[in-house]
Amino acid sequence: MPKNSKVVKRELDDEVIESVKDLLSNEDSSDDAFKKSELMVDDQEEKDVDVEEGSDVEDERPAWNSKLQYILAQVGFSVGLGNVWRFPYLCQKNGGGAYLVPYLILLLIIGIPLFFLELAVGQRIRRGSIGVWNYISPKLGGIGFASCVVCFFVALYYNVIIGWSLFYFSQSFQHPLPWDQCPLVKNTSHTFVEPECEKSSATTYYWYREALNISSSLSESGGLNWKMTICLLAAWVMVCLAMIKGIQSSGKIMYFSSLFPYVVLLCFLIRGLLLNGSVDGIRHMFTPKLEIMLEPKVWREAATQVFFALGLGFGGVIAFSSYNKRDNNCHFDAVLVSFINFFTSVLATLVVFAVLGFKANIINEKCVIQNSEKILKLLKMGSLSQDMIPHHINFSSITAEDYNLVYDIIQKVKEEEFDSLGLKSCQIEDELNKAVQGTGLAFIAFTEAMTHFPASPFWSVMFFLMLVNLGLGSMFGTIEGIITPIVDTFKVRKEILTVICCLVAFFIGLIFVQRSGNYFVTMFDDYSATLPLLIVVILENIAVTRIYGIDKFMEDLKDMLGFSPSQYYYYMWKYVSPLVLLCLLTASVVQMGLSPPGYNAWIEDTAMEEFHSYPLWGMIVCISLMVLAILPVPIVFMVRRCNLIDDSSGSLASVSYKRGRIIKEPVNLEGDNTSLIHGKSPSEVPSPNFGKNIYRKQTGSPTLDTAPNGRYGIGYLMADMPDMPESDL
């Protein structure tokens, strides 16, 4: 104990004794506990014992059952559908293997540092996103609310994608697969292939017509698609049941939902490598195009992918880490999860291009056969001379190499009239260069490739079950980013809030299962998250480094981790990351301004996609999504700035967890803590006047173990010390 503690005790004893007796009035052992109490004055060693070991009663705040469960939860949240259908597309589009260089650089510059920052503040303060940023700076409390709004917007359409995967999963238990062949249409005279399918492909037709039954424009609603409505309901029921008990229920599911996708990816990789043409796909994937790597667009897209791959700004990272112990090594967690995410993306890319290489090889073989037949017809018609064809060429069993040889000869000899012959080059590279992403990759290209697999229904079941699990892992983190902050802040029951949230989201989500629903998914995906999340993470960085103080934050990390983090993070957080984020925000705004706002509509008559601009009301919806997502930041700032809400009223008060109790933390501690602890209203219990508030360490009463405000008092009862700023961690 510090030397002057007894002096301070004597000076403040008269003011403290009455309030402390009131607080202990309903405790059985209050008198003995109070007599044994001693004043705490920033005694770090005693405080650490008090927080971690000083009580036999567990914190009421839930905790992870094991470190593995927590890591799997963070991996499940960060590794999502984007790793499977976005990263491979960007890798192919932006220079192949060369794309990995800017991606890794940006992962080290903004990915790991900002992921570490969110893990640290969540673990230190032990609250959701609203409580964390309200605690650091009440004027920036709107950051947490903005994160919740973005999470809600994303959850609305993300669960629709899980519903689509459930539909395909349910249709995979049949042989042949229903998207293997174009359907036949019968009329009174004859049978013919469905024209829309004949003009496109079997998998494309099944996706747009059988699954989505899509309309031709955003304005043409077409009513509900009942098949997808049932699948969406099933998806929300799964999420609700998994989340209803918080991490106590979802944490156990993580063992399956986070690990199963890796089993499937490894199985697909092994199977894919045994397929004809898979090596061509992987070679095409990792052939570096160094000239493309220097383009600014490549770096912008790499930064965006790093940003969203780790789930920065959503609040899910903060929510999950808030259930950790205070001394958990969150730096190790940040590095581990970031690189697991990266290697998962690379693994998924290998799988995708092995399968696409196999698909390209099959399409190329068909192209060779069709064009060889054209050459034979031209030879019979006399349009081509037999002398052009090398003697070793056998058109009945021609290889791709032989066909390309014949093609080159004909192109040179018939240079002027070559285009009129209608021959195609049939290059595997041309097929692999057709970049596909998102639903086009998962529900069209990949499903088409799987129809050529032996035992195709088995692989289809595995693939779509993997997509469901990837989606659920991300949904758990997204919903946790909504539920945890609200429960921490407003003290509502988690079970009731989870059910209400899922019900509301389902009914709003019905707009995504109309016949025009796919266009709304595109709208929300483009406009509801990108800019708001960038602004949120920039404000998070500013809140920690400028308002709270980067030096103080580094000291807090040292106290929490037991060692000083590298100065690398100091310079990243203070200078580099904010600058890169501002550049990314500017580039995203410019890109959004240069790209005409619109969507690709499926036209039934032509069986092709056609770009449509959003109507006026669609533009209003797009702008409203961005404004609503970021609006809580200025609103809360003005409310705090102008003192429009009394902090003691509890409207924006934060909640902390104490051993065995949930207690409210008003800024003005002249309220009644006794009523809050024992469930009485302020009118039922007289409110003591604290005067100068201090903390006492109760050596005899574990249920009233309190801590001083400041960086050692995170997650426990807070009071205002005269010289302690309210934003201290």
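Keep in mind that glycine also has a Cβ here, set from the backbone N, Cα and C atoms.
Database features (TrEMBL):
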{"type": "BINDING", "residues": "GLY76, VAL79, ASN83, ASN341, LEU470, SER474", "note": "Na(+) binding site"}
{"type": "COMPBIAS", "residues": "40-57", "note": "compositional bias 'Acidic residues'"}
{"type": "COMPBIAS", "residues": "696-706", "note": "compositional bias 'Polar residues'"}
{"type": "REGION", "residues": "27-57", "note": "region 'Disordered'"}
{"type": "REGION", "residues": "674-707", "note": "region 'Disordered'"}
{"type": "TRANSMEM", "residues": "70-88", "note": "transmembrane segment"}
{"type": "TRANSMEM", "residues": "100-121", "note": "transmembrane segment"}
{"type": "TRANSMEM", "residues": "142-169", "note": "transmembrane segment"}
{"type": "TRANSMEM", "residues": "226-247", "note": "transmembrane segment"}
{"type": "TRANSMEM", "residues": "259-282", "note": "transmembrane segment"}
{"type": "TRANSMEM", "residues": "302-323", "note": "transmembrane segment"}
{"type": "TRANSMEM", "residues": "335-356", "note": "transmembrane segment"}
{"type": "TRANSMEM", "residues": "458-483", "note": "transmembrane segment"}
{"type": "TRANSMEM", "residues": "495-513", "note": "transmembrane segment"}
{"type": "TRANSMEM", "residues": "533-550", "note": "transmembrane segment"}
{"type": "TRANSMEM", "residues": "571-594", "note": "transmembrane segment"}
{"type": "TRANSMEM", "residues": "614-639", "note": "transmembrane segment"}
Dominant neighbour of the transmembrane segment (571-594) in 70-88, 100-121, 302-323, 614-639, by Cβ pairs under 8 Å: 100-121
Na(+) site, defined by GLY76, VAL79, ASN83, ASN341, LEU470, SER474: further same-chain residues with Cβ within 8 Å of the Cβ centre: VAL75, PHE77, SER78, GLY80, LEU81, GLY82, SER258, PRO261, THR344, GLY473
Leading contact stretch, 70-88, 142-169, 302-323 vs the transmembrane segment (458-483) - CB distance under 8 Å: 142-169
Contact between the transmembrane segment (142-169) and the transmembrane segment (259-282) (3 or more Cβ pairs under 8 Å, separation 6+): no
Touch test for the transmembrane segment (495-513) and the transmembrane segment (259-282), at least 3 Cβ pairs under 8 Å: no
Other CB atoms within 10 A, centred on LEU470 (Na(+) binding site): 29
Among ASN83, ASN341, SER474, which are binding-site residues, the residue with the most C-beta atoms within 10 angstroms of its C-beta: SER474
